[in-house]
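Trainee: First, the structure itself, so that you have it in front of you.
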Amino acid sequence: MRAGDNEENLYREQLPNVGALIGESGRKLCRPSTITGKFPILRWLPHYRSAYVVQDFIAGFTVGLTTIPQAIAYGVVAGLEPQYGLYSAFMGCFTYIVFGSCKDVTIATTAIMALMVNQYATISPDYAVLVCFLAGSIILVLGLLNMGVLVRFISIPVITGFTMAAATTIGSAQINNLVGLKGPSNDLLPSWKHFFTHLSSIRLWDALLGAATLVFLLLMKQLTKIKWGNRLVWKYLSLSRNALAVIFGTFLAYILSRDGNQPFRVTGNITAGVPPFRLPPFSTTVDGEYVSFGDMISTVGASLASIPMIAILEIVAISKAFSKGKIVDASQEMIALGMCNIMGSFVLSMPVTGSFTRTAVNNASGVRTPLGGAVTGTLVLLALAFLTQTFYFIPKTTLAALIIAAMISLVELERISDMWRSKKRDLFPFVVTIVTCLFWSLEYGIVCGILANLIYILYSSARPQVHITLEKINGHEVALVDVKQKLDYASAEYLKEKVVAFINEQDCKIHLVVIKGQEINSIDYTVAMNIISLCGDLKALNCEMICWNWNIGSAGVVCRLQSDIRSIFKFDYELEELIASHFNTSNTASTVTIETAQGQVNEA
């Protein structure tokens, strides 16, 4: 770029062409790719092959066998009747077929979602259904506004801390059910306190069955590591471990029941039949008192922010984990999840999201398209219609073992050692998240973790990497200032303080400061004001300042603010040439000044 071009560009701010942007957005909306992007089924269904049917059926059936017992268990975790877990397990499967972009993802309620709705679902199931609708609406709007980028602001240490805390809390809440005790709370400390203060009340048969089931589930998970024999058989045996555990526990409870006496605490009656398709409840009745929509919202409170956020995090993380080299459109996944929750609320579902366990089963079963979800959803509907009487005999200790086994897999201790090896500082947001989630609440815990992470971002922004070195170039001592990142209002004062402090340390022996600008790609008004102020401060110290090879856009912010300062910006020079030119000009100016002064004296 020529010097004349630079001079002209310094006074011209590059504004976006709003008309062109609107026109491009309008044309984009009319493109077929936009429609297929919002309805991914239009992309894969025309290419569906008959060979996929068997694989999708096997995968969907296998996932269904895992989903049914887990759904019943998570309904209990949510403080609802068990059938609500099943109500939440089928509509998402059907809806995701149309809107989902990842073939492996399975939508249903999860332990974390169940725990987060427990506090008000115990008041009335209508609260859980309403939150499902509202959370879905919020997620859908965010997806339509392409807000998937917001997920990037939540780091892996925060997600890891939240997941481990939630898994620990949920697993701890089931420790009482595992040994036949009725837990008073789903919180960490009350659960363990109740366990240790009621050791004498432990039911022997429940404890034995629960411990045996837990060991069975953990051992069955390791079957995939067996390298001898038919590995496909071992794989499917491992995948069916939840169904096998529930079938065995139910059979045992049934044959041991005598005259109404039952050695185990069982699930009890589950309402049979498919739920009615109707609008979600925008008001309810609790203990004979009418509760308006506004009162329900005030009761739910912060969960209307935390539940959508956690649901989005889960499905985006799962989609990325199973994308296998494909780019995941986070906004589209949000649209799919929003629609799953909205449609689910019409069939009495509590909030749902992607399930890592069932998605892993789906992937391991060789699913080829999202159509496998139709098999899973159909299996759940059949269970609701015909198998609810059988579910009566499912021991609660078996469901507790099921949940605890699933939670153990979420406690990834190796992540802590990874953070320790790679960057110990990342343990700070992790520890903040896990501690606040465990001992305060999941909702506020993840917020605290995000805030802890933002502290790093703000600190880094306020204290950019500024390297100042003293170098001798062409016989002249020059202070070279190298800024290694973007400057913004938070870092403006820091740069000025560092430069002035350095010059003062040199006892004002330096007469030129060169600020290298190759990496300063953007500045704002506050930085521009501080650059002008720095120039004045250096002149007071008998020192000049040059801004060398700055980005035209950054230089223009300063020059438009004060036009007579444009002379400090130099382009198209090598550093040695720049220094030589500056001091030659300075010496010439000094000579002229001396000669003029001498002439004035002689005339006098």
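From the backbone N, Cα and C atoms, a Cβ is placed for every residue, glycine too.
This is the feature table in TrEMBL:
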DOMAIN    55-433  domain 'SLC26A/SulP transporter'
TRANSMEM  57-77  transmembrane segment
TRANSMEM  89-115  transmembrane segment
TRANSMEM  127-146  transmembrane segment
TRANSMEM  153-175  transmembrane segment
TRANSMEM  195-220  transmembrane segment
TRANSMEM  232-256  transmembrane segment
TRANSMEM  300-322  transmembrane segment
TRANSMEM  334-352  transmembrane segment
TRANSMEM  372-392  transmembrane segment
TRANSMEM  399-416  transmembrane segment
TRANSMEM  428-459  transmembrane segment
Trainee: State the residues, same chain only, that lie 6 or more residues beyond the ends of the transmembrane segment (300-322) and have a CB under 8 A from a CB inside it; answer 'none' if no residue qualifies.
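Mentor: For the transmembrane segment (300-322), the list is 101-102, 104-105, 107, 110, 112-113, 116-117, 119-120, 127, 130-131, 134-135, 138-139, 142, 148, 151, 154, 159, 162, 328, 330, 333-334, 336-337, 341, 351-356, 359, 363, 442-444, 446-447.
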Trainee: Pairs of Cβ atoms less than 8 Å apart decide it: which stretch in 89-115, 195-220, 334-352, 428-459 has the most with the transmembrane segment (127-146)?
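Mentor: The stretch with the most contacts is 334-352.
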Trainee: Quick one: do the transmembrane segment (89-115) and the transmembrane segment (372-392) reach 3+ CB pairs under 8 Å, ignoring pairs fewer than 6 apart in sequence?
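Mentor: Counting Cβ pairs under 8 Å, at least 3, so yes.
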Trainee: If contact means at least 3 Cβ pairs within less than 8 Å, sequence distance 6 or more, would you call the transmembrane segment (372-392) and the transmembrane segment (195-220) in contact?
Mentor: no
Trainee: Out of 57-77, 153-175, 195-220, 428-459, which stretch touches the transmembrane segment (399-416) the most, going by CB pairs under 8 Å?
Mentor: 153-175
Trainee: Please average pLDDT over the domain 'SLC26A/SulP transporter' (55-433) for the predicted structure.
Mentor: 86
